[in-house]
Every structure is written in structure tokens, then in C-alpha cells.
Amino acid sequence: MSFAGLKKQFNKANQYMSEKIGGAKGTELDDDFVEMERRIDVLGKLVDDLIAKTHEFLQPNPASRAKMSTRNAISKMRGQEQRMLYPQPEGTLGDHMHKHGSDLGVESVFGACLVEAGESFKHLAEIKYNLEDNVKQNFLEPLNQLQNKDLKEVNHHRKKLSGRRLDFDCKKRKKDKGAAGGSNVTEEELRVAEDKFEESKNLAENAMHNVLENEVEYISQLQAFIEAEVDYHRQALNALQSLLESLDEKRNEAASRPRSEHIPRRVGSVRRSESPNSYDGPNDGPNDGYDMGGKSGSYAFNNIQTPSYHQSVPDTKKKPTVRALYDFVAENDGELGFQEGDMIDLISQVDENWYEGSLHGQAGFFPINYVEVVNPL
């Protein structure tokens, strides 16, 4: 920094302390300028809140947002292009409806209804993704540009104006004290400081005016957001209305079917059978057959097998491993599914809720509370 620059910084600090502590009066700007500054401050807070709350509106689950942010950060560190999408609840519900409806079989009308409902809810999830893309492109991106470019430029000019105002007031105060106070500020220095102060005020005022007068564009962006919402709800209504009509038809179909009578079959897994050693008369010995207080017979138990319990114990002495306590179904790309009792090799702990591990040659993420640690990391 040059000597002139250092001197200017000293003047600004001197004037600032004089105003805050010594009660010195600084140059007051006109009321219109002060009002424009107030509106710019309000606009800055408004943009910050709208961006944050719109993200929460589109992705309301904070746990899913945190998980998605963590996964995307890990992918970015690894140089991977794939980004995790926010798991829409409609899509998750649709997947489970479709799965259980298929499990009921093709003869179940209720199962067919669940499958169709699942497809409709997965379609709702796709509509929601389209809504997210539309809102981000036409509403959030312009707000981000306003926040990171226009308002940032305005605040830069305001900060520069504040510094030049302090420098001018300091030189003016020293000049007013005169030579008796030891001032060496010349008329030329004071005029140059005043010109720079005036220049910064004009730049800041014009920048604030341009931002504040751009309301037509701001209204258009808000209108695009509302149009995206209307389009989303219109498509969702059409999908659900079509599903409702189809369910009504299937309900009538199920009601028109004759009820079939069902007769339970007799239990055939345990039966009494004749045996060469069965009781033939009083001449038989007490050890012939099975003694039941004077009556004996042999019983054959068919289809009853004694289960054999076998559990393989993997070699876990040399690497970190965990044992699955419950089944975990992978619902998103990058997650690692497993079944109760599986031994999973640990790779790393992502955060307080998620591990990264591998099973059967496949790596992925899984929740910590679904496993117990056998060998820690």
C-alpha cells in the first residue's frame, strides 16, 4: 500500500472513532438516499429468505436434504458427475404400492388397483421433479443472480462511499481547525476528497435505483413460480382423477364377481398309520408298538423336518466389519441393500448417521442404526 493509501486509511479510522466516541458530526446524506438504502437492505433480506424457504418448500424433509447434500459433496470430492435426487414421498409410496400389489398376484383385483395406484404416484413424483426444475430455473436462479451480482455490486458501491465519506469528513474537520491545530490539509486535497465522495454517492445511488426500479422483472419471476405451481397441480389433478375413475371401475368389477365358497382341507401332515409292530391283541408284549395305557400304535409325521441351524462365521480379524441387525432395502442410487445377518465390510463413516461399506463386491451407503459393529474402523 502506498503512503497516500495508508494516510487515507488512517483518516477513515480517525473519523470513524471521532464519530463513535468523540461525537463528531459526519456529512449527512439526503433523505431520498437514506430511504433507498433502507429498501436495498430489505430487498437483501427478502432475497436471502426467499431462496432458503423456497428450497424448504420444494424439499421439505430436512433429513433427506442433509443426506442428499452429504452424498453430493462426497461425489464431488470423488470427481463423480452423478448427483443424488431428492427422494419424493410420492415416488417412495408408489414403489411400495407397486411391489405389494404385484405380490398379491394377477388374480387379485385389489392388487391390480395397488399396482395402478403405484404407477400414478410415481408419475406424481416425476411431475414434482419437473416442478423443481422449473422453479429453480425461472425463480431461484434469477434470485441467486440478484443476490450474487446486483446486490453485491450495490453494496460494494455503498461500502466505497462510506470510506470516501469518512476520508472527506476527516480532512474537512482538520481543515476547519486551521493551522493552529496543526492541520496540513490543503484546499486541493479537500476538493479531491469531496469530488471522490460525490462520485461514489452518484455511483451507489444509480446502482440502488436500477435495482429498485426493476420490479417488472421481479414480478415476472414470481409469476413464473406461480405458473409452475398451477401447472404442477393441474397435472397432478388429471393423474389422480384418471386413477380415481379406474379404481371405480375395478371396484364395480370386484363387486360383480360371485363370492366363492371355501372349504378348508383336512390336516394331512400328521396321520395315524398301520404298522407291523402295531398292537394286535393282549398277547403282544408291552414293548411292541407305542404304549398308550393298554393301546398302542405308531404315528408317522410327514413333511415335518427338523430345521438345521447353520451360520457361517466370516473371517473378520483383519478388516473392519459390521453385522446387519435388520433388512435394509436400497431406495436410492448409491445405497447398499442387505439382509439381516449379513457381514458387511466397512469403508468409512460418512457422518453420524451413515456408513459406507461393501457387500458381495458392491459398495454403497447404509444407516448406522441398522448394523452392529464387529470390528471397528
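Cβ coordinates are placed from backbone N, Cα and C, and glycine is handled just like the others.
Automatic, uncurated: that is what TrEMBL annotation is.
Listed in TrEMBL:
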COMPBIAS  251-264  compositional bias 'Basic and acidic residues'
COMPBIAS  279-290  compositional bias 'Low complexity'
DOMAIN    18-256  domain 'BAR'
DOMAIN    317-376  domain 'SH3'
REGION    251-297  region 'Disordered'
Quiz item: DSSP helix, strand and coil counts for the compositional bias 'Basic and acidic residues' (251-264)?
Solution: 6 helix, 0 strand, 8 coil
Quiz prompt | For the domain 'BAR' (18-256), the mean pLDDT of the predicted model | solution = 90
